[in-house]
Amino acid sequence: MRFPRAVLFDLDGTLLDSAPDMLATVNAMLSERGLPCITLAQLRPVVSKGSRAMLAVAFAHLDAAAREALVPEFLKRYEALLGTQAQLFDGVEVMLQRLEQAGCVWGIVTNKPEYLAQLILPQLGWQQRCAVLIGGDTLAERKPHPLPLLVAADRIGVAATQCVYVGDDERDILAARAAGMPSVAALWGYRLGDDDPLSWQADVLVEQPPQLWEPAAWPQP
């Protein structure tokens, strides 16, 4: 058993628990409008779905067009709060260190706007460690389209079949399958109550990051 040659990760809900930053963002918007704040339990399941899904929870009384108009404000406020409360999930740093010690190259493919993801790397000390970063607006397509994963693999010089993609959302697994890339479903991430990770057909389902400290837990080529 050995670690993969390369691993690509989703960011929010996979490496980083960014839900507290997101909650602070939407609650600041609500408070400014004299509206009641929401709880982390209300927001957490949709964090991986993006800003529009979070605004749909926080501003459920508004129609889709009115919520769409709030997206720029959300992104601006989130940028100001970025990293103030977010933390790595337990076991992620050790997992990355063990991959690096084994000679594995790793990178990030996220649907978060690239400029926001780039701001996070220095906060985590990952500027030199993360071999590639593809955001949701880096290319013409985003997950679940396979293009971001294929481009990331190409940039690190590893065939897609020799990479593993780790993500906490069904679209992550769909993108990996379409790219011909083995996949790991990160069950510690953000999911809706009716999500069924078994139906995603990931190669491996993992409950917590420490399980990925050992090579045997990873999909083997």
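Positions of Cβ are set from backbone N, Cα and C atoms, glycine also.
Owing to the predicted nature of the structure, the values given are computational and were not obtained by experimental measurement.
If you draw a 10 Å sphere around the CB of Asp10 (active site, nucleophile), it holds 25 other CB atoms from the protein chains shown. What Swiss-Prot records for Asp10 is active site, nucleophile, and it gives sequence analysis as the kind of evidence.
Summarising the annotation, Swiss-Prot assigns Mg(2+) binding site to Asp10, Asp12, Asp168 and lists sequence analysis as the type of evidence.
Each residue contributes its Cα atom, and for Asp10 (active site, nucleophile) and Asp168 (Mg(2+) binding site) those atoms are 7 Å apart. Sequence-distant contacts of Asp12 (Mg(2+) binding site), defined as residues of its own chain at least six apart whose C-beta falls under 8 angstroms from its C-beta, comprise Ser18, Val47, Ser48, Thr110, Lys112, Tyr190. The Cβ neighbour count for Asp168 (Mg(2+) binding site), using a 10 Å radius over every protein chain in view, is 26. Listed in sequence order, the residues Phe9, Leu11, Gly13, Thr14, Leu15, Leu16, Ser48, Thr110, Gly167, Asp169, Asp172, Ala186, Gly189, Tyr190 complete the 8 Å Cβ shell around the Mg(2+) site centroid, once Asp10, Asp12, Asp168 themselves are left out.
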